[in-house]
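K.L.:
I grabbed these lines from Swiss-Prot:
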type	residues	note
BINDING	ASP32, ALA33, GLU34, TYR35, ASP36, SER81, LEU82, GLU113, ARG136, GLU173, LYS289, LYS313	NAD(+) binding site
ACT_SITE	LYS115	active site, N6-AMP-lysine intermediate
BINDING	CYS407, CYS410, CYS425, CYS431	Zn(2+) binding site
DOMAIN	586-664	domain 'BRCT'
Amino acid sequence: MSETLSRHRQLCDLLTEYGHQYYVLDNPTVPDAEYDRLMRELIAIESEHPELKTSASPSVRVGGQPLTAFRQVRHEIPMLSLDNVFSSEELQAFEQRMKDRLKREISFTFCCEPKLDGLAVSLLYVDGQLVQAATRGDGATGEEITENVRTIKAIPLSLRGSDWPARLEVRGEVFMPKAGFEAMNAKALAAGEKVFVNPRNAAAGSLRQLDSRITASRPLNFYAYGVGVGGDQLGDSHFGRLCQLKAWGLPMSPEVKLKEGAAGCQAFHDDILARRGELAYEIDGVVYKVDAIPLQEELGFVARAPRWATAHKFPAQEEMTLLENVEFQVGRTGAVTPVAKLKPVFVGGVTISNATLHNADEIERLGVMIGDTVIVRRAGDVIPQIVAVVEAQRPVDAREILFPTQCPVCGSALERLEGEVVTRCSGGLFCEAQRKEAIKHFAARRAMDVDGLGDKIVEQLVDKGLVKTPADLFSLNAIQLAGLERMGQKSALNLVAAIDAARSTTLPRFLFALGIREVGEATALNLANHFLTLDALRAASVEQLLEVADVGDIVAKHVYYFLRQPHNIEVLAAGIHWPAIEKKEASEQPFAGKTFVLTGTLNLLSRNDAKAALQALGAKVAGSVSAKTDVLVAGEAAGSKLAKAQELGITIWTEEQLQAALQS
């Protein structure tokens, strides 16, 4: 029992401290998943030993004490937390507990909502006017943030209509959309200021400003999710209440849906999880609430949460683990990237053992050392990265990360040009790592498209000394290729034929395949369409290169110096050729000067085909939405890009409208 008592005390202390850092200081030091694990362990101990549970236990509290810098506000109706489920089995058990509580067989209709990762707030309207806003605080007492909330454009200062209760308390989440968060951090980074780790911290930090002008400058948004005071004067459906709030001018998430039973909830969860990366805002799960208000009242509450609602958490996108070592990898352009070797940890649905540290500046910014406990984040398809260090757990034998001065692959000197954050190997194609990556890029589907020449084969070709430059690919024969691992005679003959077929290409593909720094597909296309021939491009001065659309000073210099090195285009001697490019008349390029962005799933055309078709008509196809975007093409499950385009008033096309425009 003494061991259990000791662990209970330790868990209470840890959760109290972590809760204070999360709710009060807006500076969480452990991932949500770690906090949830500790809380579940505490609840399990208290279930077996109820005598250990007191009114001061973290299991019956929500958040932490409010900051003394703000006036304290007592909530008339406590703002409780939610219990969690993490699997379909736990979801079914949640539904069964409610049936057992009601002592009858019943079919539940649930109001299902995304679980926004922001800051819960209470808004009090008196006679239709916003008179007070407060944070959740510890659930009983929050902090008054009225002046800051008044700066959030999504929150009405006066309710629309006239049929609202005389006193109405609206509850919801203040959050920062992904696009706004990224733009704000980019601006801060450019100014040498502190950046926020994630949108949740950014939203909370923005609301907790004593100067409301700072809050006003932040891209905050708000979605209502419930009613406190005054709710008894509204309808008997939770979803209906949200719709009523929307009619009065309070926004609700467009993803809110009514679903039947645990099976319907699970389907909602799976759908939102699949589209998580496309949503305009961060979420860490979904919330299920019994829709019928009379049933909510009958089910009641436990100490810290309602019995009629639960949060279904997604696989954690952030986890704690140990940084065991750092290796330095060399890329196609010589960029040296520090890669963290981690104690394997399950994050975002996969096991992670590596994470990028980006560059020397990022290592310095994080203050990370080998041996540290770190927080690693994996969101969607983004490469896992370390976002924070748990300095309190740093061991005495932690080691500084020393950036090498020589290439770890070829031994050439490393250099970092003034104004750049990237350190590069100066070895060029002498460096085996650069050689391999350059050849992989050259043969890629979007470049020379050598069918069957995968990464493993390229690595063998370089390791055996058969290929030193892309030009060497065209002198390979079937006998040489048949000597490679897992390469039979037939496969070797097929690969020789594929290499031979790749000699016929287009000038834009060839320019992209060369691997000139900063020259992507769009820039390669612009260069080809401007100069029409490789000879004209090679003869161009830096000033002439600057006349090409979207080519700035840095790109112009990269192109100029690259094409003046004979070995960079010796591949031409292998007989690579392309059809002549004809100067297009203005009538043939109706989208000239227009910038398009593609988002969501396209069904009529592949993304690459749509991009190529638009570029052929003179359009620029960008990867992100900005004020310079002319048209957004929105396919199925369009998310944050669509939301930003709507916010900026940009023209939005369906895929059918795009198809019609391409055929006209």
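Cβ coordinates come from backbone N, Cα and C, glycine included.
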K.L.:
Using DSSP, what's the helix, strand and coil tally for the domain 'BRCT' (586-664)?
P.N.:
31 helix, 17 strand, 31 coil
K.L.:
Looking at the binding-site residues listed here (ASP36, LEU82, CYS407, CYS425), whose Cα lies nearest to that of LYS115 (active site, N6-AMP-lysine intermediate)?
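P.N.:
Of the binding-site residues ASP36, LEU82, CYS407, CYS425, LEU82 has its Cα closest to that of LYS115 (active site, N6-AMP-lysine intermediate).
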K.L.:
Report the same-chain neighbours of ASP36 (NAD(+) binding site): residues 6+ apart in sequence with Cβ closer than 8 Å to its Cβ, ordered by sequence.
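P.N.:
Long-range Cβ contacts: ASN84, LYS313.
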K.L.:
For ARG136 (NAD(+) binding site) and CYS407 (Zn(2+) binding site), what Cα-Cα distance in Å is obtained after rounding to a whole number?
P.N.:
53
K.L.:
Using a 10 Å radius around each Cβ and all protein chains in view, which of these binding-site residues has the most neighbours: LEU82, CYS410, CYS425, CYS431?
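P.N.:
Highest number of other Cβ atoms within 10 Å: CYS425.
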K.L.:
Taking the Cβ of ASP32 (NAD(+) binding site) as the centre, how many other Cβ atoms fall within a 10 Å radius?
P.N.:
20
K.L.:
Using C-alpha positions only, work out which of the binding-site residues GLU34, LEU82, LYS289 is nearest to CYS425 (Zn(2+) binding site).
P.N.:
GLU34
K.L.:
Cα-Cα separation of LEU82 (NAD(+) binding site) and CYS431 (Zn(2+) binding site), in Å?
P.N.:
56
K.L.:
Which residues does LYS289 (NAD(+) binding site) neighbour through Cβ under 8 Å, counting only same-chain ones at least six apart?
P.N.:
PHE110, CYS111, CYS112, GLU113, HIS238, GLN296, PRO306, TRP308, ALA309
K.L.:
Under DSSP, is ASP36 (NAD(+) binding site) part of a helix or a strand, or is it coil?
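P.N.:
The three-state answer is helix.
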